[in-house]
Amino acid sequence: MRSPPPVSMGYGWIGAWHEFLFTTNGSSLALLSTYLLALFVRWTVSLNGYSGEGVPPLHGDFEAQRHWMEITTALPRREWYRYDLKYWGLDYPLLTAYHSWLMGRIGQMINPEWMALDTSRRMESEGLKMYMRLTALATEWVIYVPAVVIFANRWVGHGHWLKKNTLITLILLQPALIIIDHGHFQYNSAMLGFTLWAIVSLITGHHVLASVFFVFALNYKQMALFYALPVFAYLLGTCFRGPNGFQLFVKLGVTVVATFTLLFAAYSTDVSDILQVFARVFPVERGLYEDKVANVWCAISVLVKLRQRFEAQSLVYLSLSATLLAVLPSSIHVFRHPRPLTLLYALLNGSLGFFLFAFQVHEKSILLPLLPATLLILDAPFASAFFNTVAMYSLFPLLRRDVLVLPYVVLTVLWMAVSAFTWSRVAAPVKLFAMITYSTMLALHILEATVPPPANLPDIYVMANVLLSTGLFSLLLVYFNYRQWVTRSIASNPITNEKQKKR
């Protein structure tokens, strides 16, 4: 006998679409339809501009990624982190280098000119653009997308078909990752995908495997350090509270050391080569922050020019102290209560704390707290959806330079449409606050488009964006910390809790 159709449970038109598929015997097409929509959105975004298009002499991140393919395929390994460092010198960890090498080798087979040493610089042929866009799609679909599907299956459970498919759709339509990887152009989905595989492994009890995936994330982009303290606290708490805790602790330590060793040994066994990698990956000389980013230090610079008043080393200590104060409470909590739901909130609070207070933060680093926030969209619907919208707004100065205003508007509107269901259970004062916030954002966009900035304040609109976004991120950090602390009585995740209530 066929099971009854799922109830849409107020999931908006996404829920209505999946309910329609179920009632018309098309439930097997749910995942396929989500894939096709996600692919369509990504490919249409990729038809727009990208970082540095037609902007000599260095161009932008698109050229940086292509250049790394060039040097990793044309040079011996020990030269990867030394060659012509003034022209997009490689400054990401080794898995990025290995990934660049693989994509470069495939590109060479298609057209050797794309990866020819030095002569391929600043190339912007249509064939190269399409190849690079396809590498971003392929990377995401091989690493990130399967992890999203498996996470939703494990998190929601097989008995909640509608919730599972709604969660998958919402995660895959997260706008910031789409516009950064497929518009601006990067491979953040690889680092986030490895992190999500680590999360899946942790919540299913495969702790050793989780440590391998997290080392992969760290070795793809050093930004994954934003997650390091919560992950360490969760694993340490598990060792203290679970059976055979000391044995697990030893296994984890050996696994982490062995994985790092293998990744570095494949590159070089020369100490000077390894030290050069670290020198490139952690460039303290770049300063407290780079460009205008919606974190506390950049916001404070409106009143106090920290980079001019203090030496870089002093600012490192200042940012480290502030970061630890911001992230330690959530990490201590997950150490005391190492449960899946607590883990996700700790990852969110830890990475958002790092974004707001850490040294040398990029505007694109907001993608790190956005991952656990979006995973939690069925547990904290409105806050998660609101966070995604604010994050998109915070990226606008970067996207405007990349001539990505149109996809920015379309993706933001699309996100607000698919997440509109999150408003249904929100208190009136919160709705009013959100409406005032969105109206302020819109007003600032209109002013920027119609009124030139004063000659003596050329960055006034960018700094207005920074101040508004930083204030909202700070409020969200307080709220998500509160959410984490009230989860301590929940056994595993929100779905498990619902099942217990039904019994």
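In case you wondered, yes, glycine gets a Cβ from its N, Cα and C as well.
Database features, via TrEMBL:
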- 20-41: transmembrane segment (TRANSMEM)
- 131-152: transmembrane segment (TRANSMEM)
- 194-217: transmembrane segment (TRANSMEM)
- 224-243: transmembrane segment (TRANSMEM)
- 249-267: transmembrane segment (TRANSMEM)
- 315-335: transmembrane segment (TRANSMEM)
- 341-359: transmembrane segment (TRANSMEM)
- 366-393: transmembrane segment (TRANSMEM)
- 405-423: transmembrane segment (TRANSMEM)
- 430-448: transmembrane segment (TRANSMEM)
- 460-480: transmembrane segment (TRANSMEM)
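When each of 224-243, 341-359, 460-480 is checked for Cβ pairs under 8 Å to the transmembrane segment (315-335), 341-359 comes out on top. Contact check: the transmembrane segment (194-217) against the transmembrane segment (249-267) gives at least three Cβ pairs closer than 8 Å, residues 6 or more apart, which meets the contact criterion. Of the two recorded stretches, the transmembrane segment (366-393) lies close to the transmembrane segment (460-480), with three or more CB pairs under 8 Å once pairs fewer than 6 apart in sequence are set aside.
For the transmembrane segment (430-448), the residues of the chain that approach it from at least six positions outside its boundaries are 382, 386, 389-390, 393, 396, 423, 461, 464-465, 468, 472, judged by C-beta separation under 8 angstroms.
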